[in-house]
Amino acid sequence: MSIRRRLTSHLSDFKSDVKAKATSRSAWILPKESNSFAPEDTWTNKDNDVTPPSRRTWTSWTILGFWFSDALNMQGWENPSSIIAIGLTWREAILCNCMGMVIVAIPLVLNGAIGSALHVPYPVAARSGFGFHFAKFAVVVRMVTALFWHSIQTYSGSFALTNCISAIWPSYLTIPNHIPENIGVTSQQLASHTLFWFIQLPILLIPPHKLKWFFAFKTVVVMASCIGVAAGMTHLAKSHGDMWDQKATIHGSEKSWKILSCMMSSAGGWATMATNIPDFTRYMRGGKGQYWQGLFLPVISTFVGIMAIISTSCAGVVYGEYIWDPTSLAAKWNSPAGRAAKFFVGFSWVVGQIGTNLSANVITAANDMTSLFPKYINIRRGALLATIIGGWVMQPWKIENSASQLLTFMSGLAVFLAPVAAILAADWWIVKRKHVDVPALYNPHGRYQYWHGINWRAVVTFVISLTPNLPGLANSVTPSLGLSGGIVHVWDINYLYGFWVAVFVYSSLSLLFPEPETLIPETVSGDSLWKDESEDVIEAYNPATDTYEEASSTEKIPVYAEKEEPKAF
C-alpha cells in the first residue's frame, strides 16, 4: 500500500473515531481487563493492576535520578528564597528548608515502603485503611492537589518562557494589555502561558520511561543554571557590600512562630509526594532501595534552596530588594551578556517545569483519574484532561502574586494531605503490621469493604486532624478576619499536627475497635496475577528473597508476562 493510501486510510479511521465519540458515550468505553483481581461487575484497567515483575526495574540509583528530576523546579527555588523575603535571615531560611524536608521525608519513606512491598499504586493501597469506596475521597484530595501543582508550575514555566523570548526580542515585554486588571494576568503573560502550554502538551503525552534522556538533560541544565545564577549574583554583590549581613525584620515570638510556619511551608511543598509515593515505589526491584529517598530529597532540596537563598540575599544587596522568583531576577539583566544569561536561565526553567509536571503532577493526576473512572479514562486520556484543567480551568496567577501567598498556598495543601498520608502509614505499619491481602484490595465486597466501603475510623481521624487547622487557614487567606490565640498557632505547625495527630488517632481507634477480617497473619501477594505455568522458564521472581532467580527449563515455576498496552486513546 502506498504512503498516500495509508495516510488516507488513517485519516478516514480518525474521522470515523471522532464522529463516533462525538455522538455516542459508549464509543469512549475502554477495553475491559479480563485478568485482574476485580470481580466481573467491577471495571478496572491495567494501570491499577499489580506491577508486573518485568516492570520492577527501579533501583536506588533510579530513585536518585527521580528526585533529581522532581526536586529541580522553580517552586523548589522560590519557597526557601521567599522565606528571606518575608523577614528572616539566610541562616534561618536554610534551617527552615532543611527541617521542612526532614519532616516530610518521614511519611515519604513510611508510605514508600507500601509500594515497594505490595507493588500497587496509591489509589489501590489506600483501600486498606480508608475502605474500598472512601479511598476514592483520598484519591480526589490528592488529585486536586496534583492539579493545583500542575497549574502553578505551568504558569511559572510561562514566565521562564518570557525570559527566553524577551532576551531575543525585548519588544515582547511591551505588548499592549487588553485584559482587565482585576483578572490578575496581562495579555503578554497570557500569551506566554498559551505558548508554554502548547510546547509542553506533546511531551506530557509521551510515557515517562521513553523520556530518560529528557530527565537527564533537565538535571544538567537546571543544576548548571542554579550554580551559575548563585555565582553570578555573588560576584555582583561583592562590590556592593557584605551580602551575608542581612538582618531579620521580625523578632521575638513572632519570629519563632514564623520559623515554624516556614518549616511547614517547606514540608507542604512535598506533601503530595509523601502521600502518593507508592505510585512510584511500586516499580522498585527490591524493598530496601526506596529508603534512600529519605536522604536524597533533603539533600537535593537543600542544594537548590541554598542556591536560591544566596541569589535572593545578593539581590537584596545589588538591587535593594529581595527577588525570590528566578525569572524576575533574570529579567533585571539587560546588557548583551545579561540577555544571553537571561535566555539560558529561562530555558533551563522551561525544561525544569516540563520535567516536574510530567513526572510528578500530570502522571499523578492521570493515575487518580484512571482509578476513579476506569471505564472511560486511561493514563493517556487522564494526562490530557489534567493538563487542560490545570492549564485553563484553574487560575494560578491569583496564587503567585506574592511570597506570602505562595507560602500560604503550599501550607494550605498540606493540611488536607497530612491526615491522608498519616492514615496510609499508620494502617500499614501499626494496624496491619505490613500484612495485606492484595487481591482483596480490588474487590469492593472483600475484606476491606468495612461498612459499605467506608472505614469510619479513617473518617473520624480525617476530621480530627483537619478541623483545628481550618481557622488558621482561613485567617491566612483572609487576614481581615483578625483571628488570634492558640488556635491560629496550630496553623503554624499544621503538617506536624495534622500528620502525627492522625497517626495517633487512627492507630488508637483501630486497636481499640479492630476490624478482625482485615487483620491477617501474612501478606497475600498479588504476584499470582502474573503467573503462567510453563516449562519454558528463564528466570522467576522470588518474593521470599526479593530477587530474580534463574531456573531450569525443566522446572515448572511461574513465568511473569507483561500485558499488552490497550490501543484506545
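The backbone N, Cα and C atoms fix where each Cβ goes, glycine too.
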The residue range that TrEMBL labels transmembrane segment, out of 257-274, 491-508, is 257-274
Choose the correct range: of 157-173, 378-394, which one does TrEMBL annotate as transmembrane segment? Give that range. 378-394
Hey, which of 94-118, 130-149, 340-366 has the most Cβ-Cβ pairs under 8 Å against the transmembrane segment (295-320)? 94-118
Which one of these stretches, 94-118, 213-237, 257-274, has the most C-beta pairs shorter than 8 Å to the transmembrane segment (340-366)? 213-237
Could you tell me what the rest of the chain brings near the transmembrane segment (213-237), counting residues at least six beyond its ends with Cβ under 8 Å? 65, 68-69, 72, 77, 203, 243, 303-304, 306-308, 310-311, 313-315, 317-318, 326, 329-330, 341, 344-345, 347-349, 351-352, 354-355, 359
